[in-house]
Amino acid sequence: MPSERPLLIPSPRIPNSRDIYTAPVLLDLAKPNSGRPGFFSDMESKNPFESSSNVEPNFNSSSQRSVFSIQSSSAGNSIGDVNFGDLGSKPVRYGSRGADSERLSMSQKEISDEDARLIYINDPAKTNERYEFAGNSIRTAKYSIITFLPRNLFEQFHRVAYIYFLVIAVLNQLPQLAVFGRGVSVLPLSFVLVVTAVKDAYEDYRRHRSDRIENNMLASILVNDQFQPKKWKDLRVGEIIRIQANETLPCDMVLLSTSDPTGVAYVQTINLDGESNLKTRYAKQETLLKMPDEGKVSGLIKCEKPNRNIYGFHANMEIDGKKLSLGPSNIVLRGCQLKNTNWAIGVIVYAGRDTKAMLNNSGAPSKRSRLETHMNSEIIILSMFLVALCVVVSVCALIWLLNHREELDYLPYYRKHDFSKAGAKDYNYYGWGMETLFAFLMSVIVFQIMIPISLYISMELVRVGQAYFMIRDTQMYDEASHSRFQCRALNINEDLGQVKYVFSDKTGTLTENKMEFQCASIWGEDYSGGNSKIEQGGYSVQVEGKVLRPKMKVKTDLELLQISKCGNGTKEGKHVGDFFLALAACNTIVPLVVDTSDPTVKIIDYQGESPDEQALVYAAATYGFMLIERTSGHIVIDIQGERQRFDVLGLHEFDSDRKRMSVILGCPDKTVRVFVKGADTTMFSVVDKSSNASIIRATEAHLQTYSSLGLRTLVVGMRELCASEFEQWHSSFEAASTALIGRAALLRKVASSIENNLCILGASGIEDKLQQGVPEAIESLRTSGIKVWVLTGDKQETAISIGYSSKLLTSKMTQIIINSNSKESCRRSLEDAIVMSKKLVTIAGVVGNVGGSSEAGSTPVALIIDGTSLVYVLDSELEEQLFQLASRCSVVLCCRVAPFQKAGIVDLVKNRTSDMTLAIGDGANDVSMIQMADVGVGISGQEGRQAVMWH
């Protein structure tokens, strides 16, 4: 019997997840006469191959909205689609090459030696021979022992009043000018400076202590063919490192091998991008087979220089004479935690300050309130008035001295001679010039009360009182975590009432990041439940004498639940079965069995990159299609009490062009089916419309209803493959997957060849639960004239969907969408968008004049721009154009933005307007934005406490 050779198939992209990473799944293709069912006897096994494409799905339904879409094609065209008015059933295009498409094209580029860093695997000496790369020691503290005093004093003396009080104290030290005790004049200012310095020193001591603990943590490094412990601060680029389960990565490393035979590693990136869901990374097959045989791996990695883009990585690896391309799914970044994987081995490519996490950490800035800044200018004006007043006094003194210079020896109150003793002595008289100067300086001391230091003391006391009342506010008390509001910066309390711009994160801030399956349209029937929805504990099965049930409860429709239990006995039941089979199988969810307090009951926890996909799998399980097992080549689904095995013969990733994914399953009845799910805008273009036209029309109507409710929608289709179709797809897919140049485009072409003539199964609606009161809060902010900008690392379609459900976007708004992949196309897109926004204002004005109400004729504009476009805008001459465009928009939505880009956007507004800015977020990826804004609000939530700790 011939042996089964493994075939590496790209795993599906998790829908609606913030990251853009992909991972492979090693699948076994059944051979003729093997011990397991075969599907096509003439199919041959090929060598392993991999796909590193990065993709972006779109699950949102099109609705009747005004959209002005600007995107650049590969040829660099700036305008891809301009459309006003109701779109009707026309698809809304969001650009063929967005942020992810740009990264997709990375595999087609070669890295020049000038722009590359060379890493010799397992040879740190040779790696650092030419250029000594940064060590792995980090420093987040602001001061050192040497720099603390001068730097802290420099920061404190940004208050002009402190300089004024210092001048007064110095003048009072001169004997000729002393008005009150020398020590007394120094005490008030010294006390304020010392208290502030002690507070700053303690905060920085905590940072030093945190740095010291982190730098002295131990990692396992390959030395002399054995893994030995080594401190994090001593790690070097080029060394091979081993990470155990639940450990945090100390550096950015390229995966070489994992405990999973397919090379897959699951990581949690909550410290990096705020996402608590698991992400998949993978090792190349060429290195997977060599490790963990210590010392057997050698090769060269040519990668890009350190940069802040946490969503991108471009590199090539030469090993055993082969040249392999590396992408974002092959690198694990510092701060990530290894989950559900026993161990992972990789080579260090970036260390210390060169890691992407540290490059995105801008450090803790010193913030000053607007009132304090205003007081500085007021003090300068008062000081100028004081100087003028003292000049007048000194000039008058000079005139008096000159007029009475002959009488100075004998005047009662201004005597030059001392007659108290025998023999007249002269008083200390320095001439009219110096006497005039002394008169000026003494006037300064006499009039110093014009700027009293008590003013600052009073202000600090008021701020303490404000902080007390904010902390004690019962409406800002969280009963679940027993935590209160905390005021970390007393000097910016008053700025809260002057905010003009609010910059907000999406996941965990506007939303709870909890997806709930709400309704489904199956074969033209709407199962939205109405009043018949009830809470179900979930479908449960018996496994080895123990009860196995899903962890999450899902609301179910009684009618749909009854149909699903009937199985394939009826035509209706068959359609429902195919629909939930697609939801249970078309994903990369990993089922984990968790023990409970009851030894007879176990909980199955579905782990995956996206809560969207988790919600779909939990819904399928509730209706009797429970995913039990996922291995490298097959999945096991319990269907109404019967366990069935499906061989996964192929998977096609989501990408920003297709906006769908597909899985090819070998079913127990020896048939081969392709299940496809994706956005309705692209799914209806590949559905066979010659049959079941009424079902398609009904599904479209249901999608419109779901979309109007703010639900995230998904369309599911299927068709059966014949032997010749599968063979043709298999050969084309293998050729595309092994291509080094243009792999992404070839894979898209192969996927499109099989994703056609589908039979529509139905559609689903998922609710991304908003935080309590979010729509009302956004509406109140907009009514009060505050502009809300949402900066998220999530996909464009997902962010737009949440924008509608949170009332950030409305159906009356005209959307300007910019997706560009070059600086020139970005410039043209901005220019065209500015022209279009001016036209909208003009049209609105005309309508307002005709209708008699300018408000009635107003046309609100929403700007939606992706992270790739911002790469070319920020820190360039295009910033001014973006600001001009954004200032004409009621809402700005930035998608797929890296942490440092968030800070750049806030800085863009701060530098061009005097308006107050506020940033709010809950994840580590929001820290830079929070630190950059005038007022920063960190939320202690499910995404961690990094935003609270760092800002």
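The backbone N, Cα and C atoms fix where each Cβ goes, glycine too.
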From 38-60, 61-83, the residue range that TrEMBL assigns the feature region 'Disordered':
38-60
Cα separation, Thr507 (Mg(2+) binding site) to Arg896 (ATP binding site) (Å, whole number)
12
Taking every protein chain in this structure into account, which of the recorded positions Asp505, Asp926 has the most other Cβ atoms within 10 Å of its Cβ?
Asp926
Counting distance between Cα atoms, which of the recorded positions Asp505, Phe654, Gly793 is nearest Asp922 (Mg(2+) binding site)?
Asp505
Model confidence over the domain 'P-type ATPase N-terminal' (119-184), as mean pLDDT, sits at 84
Sequence-ordered, the binding-site residues among Arg712, Gly793, Asn925 whose CA is within 10 A of the CA of Thr507 (Mg(2+) binding site) come to Gly793
Using Cα coordinates, what distance in whole Å links Gly793 (ATP binding site) and Asp505 (active site, 4-aspartylphosphate intermediate)?
9
Near Asp926 (Mg(2+) binding site), which recorded positions out of Asp505, Phe654, Arg712 have their CA within 10 Å?
Asp505
Give the number of CB atoms, excluding that of Arg712 (ATP binding site) itself, located within 10 Å of its CB.
26
Could you measure between Asn925 (ATP binding site) and Asp505 (active site, 4-aspartylphosphate intermediate) for me? Cα positions, answer in whole angstrom.
9
Give me the Cα-Cα distance between Arg712 (ATP binding site) and Asp505 (active site, 4-aspartylphosphate intermediate), rounded to a whole Å.
19
Quick check for the class: what is the C-alpha distance, in angstrom and rounded, between Asp505 (active site, 4-aspartylphosphate intermediate) and Phe654 (ATP binding site)?
24
